[in-house]
Amino acid sequence: MFVDRLQLLNFRNYEELLIDFSPGKILIYGANGQGKTNLIEAIYYLVIGKSFRGKDNSLIRFGAESFQIGAKISKNGQKTTLGVEYSVKGKFFLKNGQKQKSFSSILGNLKGVLFTPDEPVIFFGFPANRRKALDLFLAQTSKTYLLNLIYYQKVLTNKNALLKQVWNVDNLIEAWNYKLAEFGAEIIKEREKCLKILNDIINELNAQLRFLPGKIEASYKTSGADDKEKIFELLKQKYTEEKDKKQALFGPHRDDLNFYVNGRDLKIFGSQGQKKGALLLFKLSQAVYMAKVSGEKPVVLLDDLYSEFDKEKREALEGFFLKYSDQVFITATEPIDLKNYHQVVFIENGKVS
């Protein structure tokens, strides 16, 4: 799959933009602050249904009242149009010109993998950031996972509301706990199953790219189990603690994902370079997983890759990503090695040429 055409209206510093893209490796270059990352952001918005770096109201171009993003996606010879329109009155998504009830109905129509310079700091920060990264990836590849996640979040919201009540809600909590256990067990199973596959891919890739010295393990740390009856019993045991804290404290919404190299936790002992390398391997493994398991190659978006790695590492990474993606976007401040790209786009003040 690849982005055939992108159209923007009042998005960030783009007043109006219409650009066609080719498959393959695309260089987007220009000075800092001209709109390179904004272009990447717009494409990835249609992958995850929101910005990866700001709230919707901050994306509207100064002086405008709304923004629009539209894209034509080519996949196996078929064309699909996706879009989003946002104003202070609300937001809605479109597929082939038809309004959708929610973003979940179009999630997966454009699969994508993103890497930005800020991601290692964010990813290795709070556990919620790592859960979010894993959930966004799995939701793209499995409709069942997405539905279980949606149902789990709805039940969790109801349970948290009950835990804040002053009257006796024990019977109601038990009913919600059983539903949490049911959906939670499926979420945990899918996360563990996926990470087992990703671990093999990560180590195969590292053997060739040599980013990190030794065996790498992405380890899933769960507060429960992957069996709904066991989770239900755990939730019953922890009810008093949850009632005291007035929030749900156990389940996949509190689980974590840690990276180890030769048994050492990268979050604690890893250098910034090692964290960057581990996260890139994780991202690359996602592209491989999508291509092999789901049968659809994602669009890859690499923001400011040139400032992060030397030429040898860059070329190796680009080659691997291109092997498992039909389209790779790379942003840079300088037009380096132009002959190596299928398309080159220059950006200045929100204008492309």
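From the backbone N, Cα and C atoms, a Cβ is placed for every residue, glycine too.
These features come from Swiss-Prot:
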- G30, A31, N32, G33, Q34, G35, K36, T37: ATP binding site (BINDING)
Query = Excluding G30, A31, N32, G33, Q34, G35, K36, T37, which residues of the same chain place their Cβ within 8 Å of the centroid of the Cβ atoms of the recorded ATP site?
reply = N38, T331, T333, I347
Local backbone state of T37 (ATP binding site), from DSSP in three classes = helix
Query = Under 8 Å Cβ-Cβ from T37 (ATP binding site), six or more apart in the same chain: what's there?
reply = R53, T116, D303, D304, T331
Ask   = Which residues does K36 (ATP binding site) neighbour through Cβ under 8 Å, counting only same-chain ones at least six apart?
value = I28, Y29, G30, D303, T331, A332, I347
